[in-house]
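Let me give you the structure first, and then I'll get to my questions.
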There are 2 protein chains.
Amino acid sequence: MTAYNAFYAQSGGVSAVINASACGVIETCRRHDDRIGRVYAGRNGIIGALTEDLIDTTPESDEAIAALRHTPGGAFGSCRYKLKDIESHRRQYERLIEVFKAHDIRYFFYNGGGDSADTCLKVSQLAEHMNYPIQAIHVAKTVDNDLPVTDNSPGFGSVAKYIATSVRETALDVASMCSTSTKVFILEAMGRHAGWIAAAGALASEDNDGPPHIILLPEVPFDRKRLMARIDETVKRCGYCVIVVSEGTRYEDGTFLSDAGNTDAFGHRQLGGVAPTLAGMVKQDLGLKYHWAVADYLQRAARHIASRVDVEQAYAVGQRAVECALEGQNAVMPAIRRDSESPYRWSLFDAPLSEIANQEKFMPREFIREDGFGINELGRRYLRPLIQGEDFPPFENGLPKMAQLALRPVERRLPEFEL
Amino acid sequence: MTAYNAFYAQSGGVSAVINASACGVIETCRRHDDRIGRVYAGRNGIIGALTEDLIDTTPESDEAIAALRHTPGGAFGSCRYKLKDIESHRRQYERLIEVFKAHDIRYFFYNGGGDSADTCLKVSQLAEHMNYPIQAIHVAKTVDNDLPVTDNSPGFGSVAKYIATSVRETALDVASMCSTSTKVFILEAMGRHAGWIAAAGALASEDNDGPPHIILLPEVPFDRKRLMARIDETVKRCGYCVIVVSEGTRYEDGTFLSDAGNTDAFGHRQLGGVAPTLAGMVKQDLGLKYHWAVADYLQRAARHIASRVDVEQAYAVGQRAVECALEGQNAVMPAIRRDSESPYRWSLFDAPLSEIANQEKFMPREFIREDGFGINELGRRYLRPLIQGEDFPPFENGLPKMAQLALRPVERRLPEFEL
């Protein structure tokens, strides 16, 4: 049996565990070197395939590949780039085939979220539409947890654990300062469309009596007056108020809170940042002393506080993707099934990519508290298993040790290509 | 020998390890129960003493007290409140004596920074000026690392480790996204007057070739044109640029960057936040895609990534404070001496409080790079030992477990007192 080569690439916003999936893909390919020759990583996602900018992972030591499991970010570079339709942009697809042919690539593993699943789906169609024998398997990744079909997305559990840990820690800080200083603390979490990440802040307490007292979700229209009344009441009752706000929080009409600064709130433009916008409202309406934090990339890069469940699932979907390819599958994505909640047990199943590409899973209404200021026990029950277990990286000189890759480029065999 | 009671309180901004000092104080007192009776904690610092709002730590189990070592925030509440002069505010001091007498308190342990050291010093003078036999010992704490005399301040090492870890992690994120997305990442660190915390970001790389490429310190006047040129050059050379900015960054004339929005930069007011201000300049001057994060309380509450050296020193200064009291000392603070740098060895010595109160230690000029955009190897050599070692808290259900204290109030014996 001839051994063909594999292409692997990372796409979209990276996460604390996307490299754990890379590790799962590459290690599994190495175990099947009778059927899979070399693993070429695309530099900067699909762009690496189009521009023939390939990295040969073969010279990387087993130790270096193993270290990917505990290294955040995208080791081979990621991209925000979506393939157009085959009909209108045939040349792009011909180019992909040229590159795949030139490097004997017949396995295509694409590691990303919903947009990237669309790219993977289009590549999978090369088989049918352009008669090139490729098997394209998607490897799930998104901190936003908004992929459909799968119970949860690798990458989310770790950012959820980061946010919940940070809320639990900072709430103790605010509680100790509130008698003479800060009364309101606002933490801004990622999630432009779905409130999963902000919702995870709720895990900081066992129930809704403890902090965070308020979570603002994109799924619930923003109501300044109601919110301020709630903050005021919380400070009077508890002495302080901890708020987690999703960056996607918006008004009834869909305007993002962070975009509304021009005409509303302050009468001036905000440079992104829902937390400072909200802090301004707290100052203006209630006159309370506040602090705010914007976690931004900190949250999705925080491999040091990754969820062990998340790391294991990220690795497993990478491993399973290779198995799918070896089984002859195309246009699928290994998805996670929740077999049992307590104790948490999960398994993988192969989901058709057509059901996944370009779709977003929002938080179900039944997870949201009746007052809209957070999630309920049903939501907590869904989230809890995903942050279980620790998987600390090795430390050296007081800091997490990262994978050191040689990233050896593959010699180009084709003319240049304009993107 | 009669056993007198002890008073312990926390003051100023809290840290990831101030409770480790509390643990050191209380555990050491318990080991000397022949000479120290009960340890009363002041609720919200010195305010607890003035208002006779005392917490009896005696009923707390040994396990609960031990758990303070891994619990961030101030378990007994902190305050921003400074005692006035004895001459002009004699009534306050008389009240302190009344409370101390009413509860047989003769040992006073105050856990805080430079301002709090002043309060501790004033209490120590009760002995001389008002003939009350008190021994006041200061327990060093400040994330800002700006206490004089001591080589470093407990609390700083952990925030330094948090910032360095976060920079190392996020730099990998930015590096992987920069080809098609974010080119400039800005992390805002605490430090209103001294740049120690921002400087610690430099530990993310071995030398100044790696990220963070630029650190902005309060010690170096802000020069927009020079900075933008450097960012531009860095992005061209490395593909991306990671910046750590101290919240205290200011113009030549002393105006804080974050306060300057009204008249400069954007022509509108910023709600604090140097990072978004800087991001706006990057957008305006260079048109580069940016992301920014403001760590705020996250950094000083992040016990989950505390430095082991820091935790040990925090505990040790608490322990030594009690020993100082038992030796009959007054108006001293256990300070840290650097005995050796590599390998790092440290010991404690007793420093007179008069040399510590109300003084700030800035970063020495010789630690700062010639170009002003960060620190040099000398600075790194000073900082490196302070972030060594990990001391992960116990986790339960995926989250750090915190101390659960009963916080039993001591029955009041005196009339109320107006602050």
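Every residue gets a Cβ built from N, Cα and C, even glycine.
Note: TrEMBL annotation is automatic and uncurated.
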Name the one residue among A:E87, A:E247, A:E355, A:E366 that TrEMBL lists for the same substrate site as A:T142, A:V143, A:D144, A:M190, A:G191, A:R192, A:Y297, A:L298, A:Q299, A:R300.
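For substrate, TrEMBL names A:T142, A:V143, A:D144, A:M190, A:G191, A:R192, A:Y297, A:L298, A:Q299, A:R300; of A:E87, A:E247, A:E355, A:E366, the listed one is A:E247.
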Using a 10 Å cut-off, grab the number of neighbouring Cβ atoms around the Cβ of A:D144 (substrate binding site), all chains included.
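Excluding its own Cβ, A:D144 (substrate binding site) sees 26 Cβ atoms within 10 Å.
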Go through the binding-site residues A:G13, A:D144, A:G191, A:E247, A:R300 one by one and keep only those whose Cβ is less than 8 Å from a Cβ of chain B; report them in sequence order, or 'none'.
A:G13, A:R300
Within 10 Å of the Cβ of A:T142 (substrate binding site), how many other Cβ atoms can you find? Include all protein chains, please.
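If we count other Cβ atoms within 10 Å of A:T142 (substrate binding site), we arrive at 29.
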In Å, rounded, how far does the Cα of A:L298 (substrate binding site) sit from the Cα of A:K141 (site 'Important for catalytic activity')?
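Between the alpha carbons of A:L298 (substrate binding site) and A:K141 (site 'Important for catalytic activity') there are 17 Å.
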What recorded positions in the list A:G13, A:D115, A:K141 lie within 10 angstroms of A:R300 (substrate binding site), counting C-alpha atoms?
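Neighbours among recorded positions, in sequence order: A:G13.
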For A:G191 (substrate binding site), which DSSP three-state class applies?
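A:G191 (substrate binding site) sits in coil per DSSP, no helix or strand.
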So which recorded positions are near A:G13 (diphosphate binding site), with CA atoms within 10 Å, out of A:D115, A:K141, A:T142, A:G191, A:E247?
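For A:G13 (diphosphate binding site), the recorded positions whose Cα atoms are within 10 Å come to A:K141, A:T142.
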